[in-house]
Amino acid sequence: LTLGARGRRTRSPSPTLGESLAPRKGSFSGRLSPAYSLGSLTGASPRQSPHAQRKLSSGDLRVPIPRERKNSITEISDNEDDLLEYHRRQRQERLREQEMERLERQRLETILNLCAEYSRADGGPETGELPSIGEATAALALAGRRPSRGLAGAIVVSGRSGEESGGASQRLWESMERSDEENLKEECSSTESTQQEHEDAPSTKLQGEVLAVEEERAQVLGRVEQLKVRVKELEQQLQEAAREAEMERALLQGEREAERALLQKEQRAMDQLQEKLVALETGIQKERDKEADALETETKLFEDLEFQQLERESRVEEERELAGQGLLRSKAELLRSVSKRKERLAVLDSQAGQIRAQAVQESERLAREKNAVLQLLQKEKEKLTVLERRYHSLTGGRPFPKTTSTLKEVYRSKMNGDMASPLPRTRSGPLPSSSGSSSSSSQLSVATLGRSPSPKSALLAQNGTSSLPRNLAATLQDIETKRQLALQQKVELPPAEPLSPEDPAGHQVIEEQRRRLAELKQKAAAEAQCQWDALHGAAAFPAGPSGFPTLMHHSILHHLPAGRERGEEGEHAYDTLSLESSDSMETSISTGGNSACSPDNMSSASGLDMGKIEEMEKMLKEAHAEKSRLMESREREMELRRQALEEERRRREQVERRLQSESARRQQLVEKEVKLREKQFSQARPLTRYLPNRKEDFDLKTHIESSGHGVDTCLHVVLSSKVCRGYLIKMGGKIKSWKKRWFVFDRLKRTLSYYVDKHETKLKGVIYFQAIEEVYYDHLRSAAKSPNPALTFCVKTHDRLYYMVAPSAEAMRIWMDVIVTGAEGYTQFMN
């Protein structure tokens, strides 16, 4: 029994143990049913539990197939709640199994105790020699219960141990039958002996005892038969239990093989996953190395681009300074040019003033000449009137004959009308009679024709009965009015802006005006001479009354200077003939044509001079307008330049202010650092433990290793006996930016050089040993914007302080001890 219970406990619990407990519990109290046999396994599924297979009726034994594992731990390994539930369920099943095993153990002990009591009650010595299986069988028969699974397991185990001798269980049952027969024989013999001993007793008593013995014997025989039947049933149950155990063993063996196959499969999958993991790690490492190389390449490219950008910025700064200096020089030159031009403009203004004064004097002279001519004209007109009256009185009212002098008068009137061309020509009506003209001609004076405010109206008012031609008077008044307007404009005109002395346009305009003025004067003189010659030439050819107009047209009028007069001659050839009466034409001037400087010629010359003066003034106005336009454009250009210079000045002021603030801030930082250094002067060289070594046979690597540094374990430094190489991050001198540089400490060249990269092709700087004064740790954190202040150290030279950042603390210590061996500028120890 102990072996059976132990074998049951050592067997691994099946996942379907909770499902098979119910039929097991039922089998402990009830008898074995006929259906509960091996023949009921016909349609059993190989994936069902062995207890379910025992309930089925089938005679054939199939190859065991692994059962389906439900609620396996491999299915719920990802869910923590399911794992906790699985653990709790398994614990409850184990507790329930332990409780059932305890109950079975108590029941078996009870059965054994009953068997022992029964054996003692029988008193047969042979019964004590029966094996425990017989006692258990008898106890089971008395208890009337089905043997438990533990007992069946014990019987199966004992049966398996006796299979080597063959038929052990059959011998057990035979010995049990023999013991039963012996018991019966003993009972019979004991009964017979008791009968023989009590034969002498009374018959009634004997009969009663015989009956009692017979009844008891009948009961014993009945019990014996029952026990035999029970023994046979138990034998069948034992055989069935053996078959069930064998089948369960086969099922467990199949399940074990299936689990082993799954285990091998999972083992192979795990090996494959391990190989994949190794390959993945290798690929990741390769990718990481590739990315590191790419990053290093990009970093180098970025450093190169940044250096180029800094160079461009410095170059742009220099170009801006040069441009600023050029602008300042240009500004100075422009200021000098402006001063020169102002001087030239002052000179031109003075010249223009002189020209205006000369023009005013010339106009005044011409006005005086005109007044004198008008006075002479008035005198001649008065003479003419007197002559007409005398001729009229002498001839009895007959007019003067029309002679060449009358034609000259007509020509002079025509010329005066042409000189007054800005005013429209009007046809005059016939003048009043000579009687009326003689009465009003004496009233005409120089003041009336000269400078009256409204000379035309006054002349017409006073000339109502005069014989003076009205068109001629209007022409003279128009000339005087234009002269007065020109003088008023000159007086009212504000002083023009002076032309630039170096402006070629203004100078050219003035020269052109002067040249045109001279040409106009020459043309006026030539025309006056030509007209005078033409008039005197026409007087030498007398003509009849009928042929005079044609002679007038071809001999005199074709000498007019412009085609406009010729074109208008067809329409207005005799416009001025109506200014006088027919008798006045015949009795016109008799002595006027004999003078070389007639009043009409003088008035014509004065009209030409006034036109030229007006033209000159117009050209002066145009020159002033051109000068104003040029000055405005020049002023705009100067304003743009001034704005650009002002913007540049403001920008420079801002830069200077920022520079001053930065200088002040740096000065404060320097003062603070000096104060801290004065307080901590003892820590000026915290890690420089060695003095510079100038020996030729000095081994740098041995020296560093003897100092306690792990050179071989530090991958950031490449150290040999004479040279030390590695990357350091250095702060720039002018531009405070941090750059990664490849440093080379060479004891043969006695220099500390740094390059762009480890190829050592582009040298960025050299520090000679004689210039290195100190090497110390930056304990004051004075490096601006250091990438790693904890790994920053300083290399002090004669003219500069280098800030460097090492990639690791060990590399920083190695570099400091390496560089200090070449600090030959540190001469304080010699004192």
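Every residue gets a Cβ built from N, Cα and C, even glycine.
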Quiz prompt | Candidate annotated in Swiss-Prot as phosphoserine, out of SER45, SER452 | solution = SER45
Practice problem: From the list SER58, SER77, SER405, SER584, pick out the residue that Swiss-Prot labels phosphoserine. | Solution: SER77
Exercise. Based on what Swiss-Prot says, identify which of SER72, SER203, SER428, SER590 is the phosphoserine one.
Key: SER72
Practice problem: May I ask you to name which of SER27, SER169, SER633 Swiss-Prot has annotated as phosphoserine? | Solution: SER27
